[in-house]
Amino acid sequence: MKRLFSSHFWADKDVQQLIGKQLRIGVILSSIVVFIGGMIYLSRHGHESPDYGTFAGVRQGLDNLPGIIQGIMQGKGMNVIQLGVVLLIATPIIRIALSVFAFLLEKDYLYVFITLLVLGVITFSMVGGLERL
Amino acid sequence: MTILSFTLILLAGAFLAGLLGSLTGLGGGVVIIPLLTLVFHVDIRYAIGTALIASIATSSGSASAYVKEGITNIRLGMFLEIATTTGAVVGALIAVFIPTSIVAVIFGCVLIFSAIMGLRKKREAFSDEDVSKLARDLKLNGTYPAGGELVSYKVRHVPGGYFMMTFAGVMSGLLGIGSGALKVLAMDNIMRIPFKVSTTTSNFMIGVTAAASAVVYLQRGYVSPGLCMPVVLGVLLGAFGGSRLLVKANTKWLRIVFSVVITFLALQMIYNGVNGKL
């Protein structure tokens, strides 16, 4: 019984380490991508003047993943930055997905359910068509 | 002004915001929106999209350290994330129907509230008395390391805390901020959780909450790469620098000064909102 308890304790610790590492890698990786994209963007458009005074939405292709990837293929800096932004948004979402497995390993089915619920809300916000309202 | 100089000035501003935000514990995101709208005359919708992305960056960056130390209550965070993410989606939804001038006024009020929260005297109110069956069933009670030993605490008023978290989520989705002050209020004052746990758990939740509304805003075209690039990099560098400086700085005076600055910015946001300038 005591061993069982301690093995649970270590599993918990390992999960915390893993989540901590994943969050850090996500932030570092996305900042690098944002930085690279920023350099490309500045070298091509640095001399132009910024225009954010009136809201017109972003340029076409920057508001969805296929469009972002397509722009990267054409070497557009803005799209590379946006890929970094998408990676950044994905970082906490991947943390949730990791937690589902962590709670499964611990056989804590209540929290598997709770975590899946959170994942469900986020998935709904992604594919629920809320942006068209 | 060219894009190059605009980017560099914004980078410096975001660096300062991240530095002060992490030194004072108020978070860098709160000043990003006034910085963009009042100083750079950026449309508030772009500002909201940018601030959301910045808050994901700072929250995930600092959460990684706290989670490793075992201070964050992961189950509590997970459970309350149901409330904050549903709130955030609702907030992003109603944002379309609320005029930007009203958004600016609400933002100003939340900002003033954050400043007051940052200045108030903190008094620990947690106890080890086990009174909530719901907290027990949901396994929300926990321990945290302090001075080499584990301090245990019991969570109270779960429904009240959950409700307050939903509200914090709505504000986060509507205004594009982490609304850490509201989250900490729910956890400290209602659920009676130790400060160290509530601040780190709040931080842990901000990233997921912001991500829930960020996907909606990204698809709506609010997230502009030209603004996100300097702001995200600046805020991250500033927050990192702040965590290095934290031991040396006199944070009490800094908190007062920063709160005054925030209140001033908030009043300006409200003034501009009322006059329909935002």
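Just so it is clear, glycine is given a Cβ too, placed from its N, Cα and C backbone atoms.
Whatever TrEMBL says is automated annotation, not expert-curated.
Record note: among B:2-21, B:222-241, B:222-241 is the stretch given as transmembrane segment by TrEMBL.
Listed by sequence, the residues of this chain that lie at least six past the ends of the transmembrane segment (B:253-271) yet keep a Cβ under 8 A from its Cβ atoms are 20, 23-26, 30-31, 33-34, 37-38, 104-105, 107-109, 111-112, 114-116, 118-119, 278.
When Cβ-Cβ distances under 8 Å to the transmembrane segment (B:88-116) are tallied for each of B:44-67, B:162-185, B:197-216, the top count falls to B:162-185.
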